[in-house]
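Notes follow once the structure below has been shown.
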Amino acid sequence: MNRLFVRPIRLSRWQVVTLKTAIHVLCLGYLITVFSLAILDRLGADPVESLLHATGLGSINLLMVTLCISPLAQRLPCGDLIRCRRLVGLYCFSYALAHFAAYLLFELQLDWTLLTSEIIERPYITVGFTALMLLLVLAATSPNAIQRRLRHRWQTVHNFVYLCAALGLLHYTWSLKTLWGNPLFYWAGFVLLMSQRKSKLAAWSKSVGTLFSPRASSEKS
Amino acid sequence: MARIFRPSQQFTDNQVTDESVYNQRRQLIKTLGFVGAGALLMPSAGAVDWFSSSKKTDMPQLRPLKHTKPAEYQSSETLTPFDKVTTHNNFYEFGTDKSDPAKRASGFAVSPWTLTVDGLVEQPFTLGLEDLDKKFSLQERIYRLRCVEAWSMVIPWLGFELGSLLEQAQPLSAARFVAFETLYDPQRMPGQANRFIGGGIDYPYVEGLTLQEAMHPLTILATGLYGKSLPPQNGAPVRLVVPWKYGFKSIKSIVRIRLTDKQPPTTWNRLAPQEYGFYANVNPDVDHPRWSQASERRITDGGLLARNRIPTRLFNGYEEVAPLYKNLDLRKNY
Ligand code: HEM
């Protein structure tokens, strides 16, 4: 047992593939199951609301898991864990997209004017929408080719995941009618995770400024 | 465009959802939804739940109640099935999730129970449950219930007019408002003991009406639904039903009704005055800061693909109450 924690554990190609397959089966399986049950009217009295909750919570949970992966990979002698971070992150985005789709298709039932006015007028929807747009940017810039093209700026871009998590939690807190509830535990977890990254956050806040500056874009060449 | 999502016959027929299926899906949501840190840390909804398949949602014995069915209160609208009426409840005394009350209230002991009517009345009195049963003959009233969260149901209540109860107490001429109070008993209502269950609201839950509203024939005290006594999660043993107002006005499990000369405090108004007013009349033209109130989703028996978004009507379609508000700016007095 001891050895497990002393020696670095390298994951073989097959172990990584197995881990990723398990992630696929779990995340995709859950999503398919809740949508099917909802269609069959077996997901509680109001399947639309249940689906919004299942996908919203799923997304926020996956976001928290994503944020746990790099501290874990540093502390456990198993740096290879980092190799499944992108997949979990992409599922976080997929769940958020499913959440939005459920909202548009089943909650608003394709009432586009209502969608527009809700995004503008309801602060918690505005915040959720902003988080979704950020996740979209992160997902779109996740392929290796784009990673290579962005070079050092990729990290700066992807550190927006912290803002994303904060906005997601704000949206969650705001969607409930009272303050006391599960979001408080999530905030506690979030603060804990951020406290591990203080120096990184400080450096990031400086580099964000350069992200859009002419100098940074001329470096692209 | 919307055509693709029209429900197929196959699905709409599939409305019979027994409790075991409900349990199954709760289980599934909990297990696969990785419920998260909150639930793991909470003793009541702890991780052990995931493995015990015997989570109880069984209905305690509901008594069939004798009642009449006056024609003017029947309806041709599709009723919300019993299963849904009794598993989708905002009753924070038993948890903030709408599926919580069905689970947490199942063991709720209703009796002994007393209902007191006092304040600015000639004849204050206290009734036991048996008195309620004996003194008032029950009518079935099929009412639309519109929640402030923009969903609605159609429910066959059993009840009697609040006015007939108040008349027995003989209100004094100074009485202008009626204040209602839910049971306060943290032993029986876990949300009152633990703010993580009850959302940290100031309990007991209180509500109020103007005397005119209270005396309106549409306003009833309900003691049953679907032909039987009220399940605890729906506000047993006696609750208010005011069909032209948002659901939170229809206070549950009432122990006290007091007539006053001042507008009484009301729970949600106290919590967020800019969101929930004293009147809380259903009004498609006055938005809630969180929800557009122009339309609603009618919960009946369709699944996900049911096209159930319908326009919301002023006073929830009960126009006969409009004269009560002749001189009131409904925008200011939301
Ligand atoms: C345009 C984007 C979004 C829209 C329109 C939207 C809409 C909604 C709505 C309407 C609810 C309330 C459901 C209810 O209680 O009735 C909700 C809840 C929630 N949303 Fe979103 N959302 C969006 C983006 C997101 C994103 C990006 C995340 C996560 C990162 C998220 C996570 C959640 C969570 C955790 C809840 C609470 C679920 C619960 O109470 O169990 N949402 N969202």
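From the backbone N, Cα and C atoms, a Cβ is placed for every residue, glycine too.
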Q: Please pick, from B:Thr182, B:Thr300, B:Thr312, the residue that TrEMBL records in the Mo-molybdopterin site together with B:Asn89, B:Tyr92, B:Glu93, B:Cys147, B:Asn234, B:Arg239, B:Ser250, B:Ile251, B:Lys252.
A: B:Thr182
Q: Could you please provide the mean pLDDT value for the domain 'Oxidoreductase molybdopterin-binding' (B:111-268)?
A: 97
Q. Which of the three DSSP-derived classes (helix, strand, coil) applies to B:Glu93 (Mo-molybdopterin binding site)?
A. helix
Q. In sequence order, which same-chain residues at least six apart have a C-beta under 8 angstroms from B:Asn89 (Mo-molybdopterin binding site)?
A. B:Lys98, B:Pro101, B:Ala102, B:Gln233, B:Asn234
